[in-house]
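A short write-up of the structure that comes next.
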Amino acid sequence: MTIHVEGLVAIAIFYLLILVVGIWAAWKNKHSGEAEGTDRSETIMVGGRDIGLFVGGFTMTATWVGGGYINGTAEYVYLPEYGLAWAQAPFGYALSLVVGGLFFAKPMRSRGYVTMLDPFQQLYGKRMGGLLFIPALMGEIFWSAAILNALGATLSVIVDINIKMSVIISALIAIFYTLVGGLYSVAYTDVVQLFCIFLGLWISVPFALTNPAVSDITVSAVKKVHQAPWKGSINKDDIWIWIDNFCLLMLGGIPWQVYFQRVLSASSATYAQVLSFLAAFGCLIMAVPSVLIGAIGASTDWNQTSYGSIAPKDKDQADMILPIVLQHLCPPFVSFFGLGAVSAAVMSSADSSILSASSMFARNIYQLAFRQSASDREIVWVMRITIFVFGGLATMMALVTGTVYGLWYLSSDLVYVIIFPQLLSVLFVKGTNTYGSVAAYLFGLVLRIGGGEPYLRLPPFIYYPGWIIEKQIHQETGIIEDFVKQRFPFKTVSMAASFVANFIFSHLAKYLFESGKISHKYDFLDAVVSRHSGEIMDKTTLVTRSNNIGLSEMAPVRPRLSVTLAAAFTRRDTLSSDGS
């Protein structure tokens, strides 16, 4: 195995830069929030709520511009059966940030929440918050594992070093500076990482475009040169699949703690909205070089390159098209710049996911569900331990699990199908309660799992209208596998069914208990009858009858002096600077 010394030096310099910036950010902001009396644990989670436009814009963009984003966009543009028409991530995630900014950022930031799960525990109780933590945690951990796995493969392609070693080193660096500085370190390193992504990919594109083996990409976009046109097309039979996937990206990209961690760290509700809009624009800009690299891969005669006569798609290596283009169509020193870009993209996503998962666990599971009297120092240590544990878990999965991308696909679907309709209900629909939330959870879970998951070889037990059996051929082994392809938009339908179930079962339970058809003693979740008790109301709600808060009524909340669950949902600096 040949070790590229220049590549190792470039990676070492880049990683050292990220580490130094992360430690500097932690040192610079170590006393942030003390003057306002903000807890240290909350400062780690939401950065003292003083993230400005410049740093905030970069870190919000880094919410989705990660290794999976730039690698996946290039892959879909390159694949002849998909092309640009199916590269939905740039527009889907950009629109998710726009929708999040328009409808979700302001109510979440104005009410002074600390994590995405706060409104669920506030309205539905700690048990339901724990249930909703499961798909949220799965999404964060599997996402981190998937992109760490991709980083290891990328490093092995360009630098030819051991995959496991590269994954472990990358994960340790991300865990360390996240451990030291929390959101501040994550935010400031995001600025450096996004700059490296942009610079590294744009430096590589001109060299790849002018390589003699590459045809004119404007011609190969509409005409078959070496493979089908990379512009792609959508077959009539697949239009509902396209719509289903686009809705998943656009709406399913909202209910993630990595997004709301940025929203809740903004210095005001208006800033949170502006950051979302800036990040939407940033996502589109950052996708351009990935689209071009995918087009270059589709326009290349690989027989003229050092890669070999067989194209990457015929070796089941389409997912590695970006590092392959950097390695075989660019000079070595340029490919190392691109390698830095990929490494930056991965770390900018991994550190955010690890911090998000630990924040939800420390606050919503450990503090609010089990240890309401826990000291601030105790919560900080729980966060530090879980950052290490969740980071280690993601690293281990990246090293030993071959189906990590399948796990992430399934968990991201569950976030869309289960958490998004519940977030809609808890913020904008009056009268929902824990019974409706449980029913919605079960409806969404069964309908989504019932559709199967080809990535995990999970067979369906619900065959939606229009399903067909397709064959998948593994190019290197020649093995042919049959799988069920669901053409029905069952993910979006499952999400809608979950939302409707929440509304119907909430009002049904309310009617049955309040009319006396079911005795009050059977209200075991304390979701209907007990909500009229002042004692329960004090423990479970942010302000009196919080489910009646409208977007025009976002008033400041005065902190309670007693240590209760209500105090955990109370912020001393809830008044936004824009006077909302």
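Using N, Cα and C of the backbone, Cβ positions are placed for all residues, glycine too.
The transmembrane segment annotation in TrEMBL covers 7-27, 85-105, 131-159, 165-184, 191-209, 239-259, 271-296, 333-358, 379-400, 406-428, 435-451.
In this chain, the transmembrane segment (131-159) lies in contact with the transmembrane segment (379-400); the count of Cβ pairs under 8 Å, excluding pairs fewer than 6 apart in sequence, is at least 3. Contact between the transmembrane segment (85-105) and the transmembrane segment (239-259) is supported by 3 or more Cβ pairs under 8 Å, counting only residues 6 or more apart in sequence. Sequence-distant contacts of the transmembrane segment (435-451) (same chain, six or more residues past either end, CB-CB distance under 8 Å): 120, 124, 128, 131-132, 413-414, 417-418, 421-422, 425, 458, 460-462, 464, 486, 490-491, 493-495, 497-499, 501-509, 525, 527-528. Between the transmembrane segment (271-296) and the stretches 7-27, 165-184, 191-209, 239-259, 406-428, Cβ pairs under 8 Å are most numerous for 191-209.
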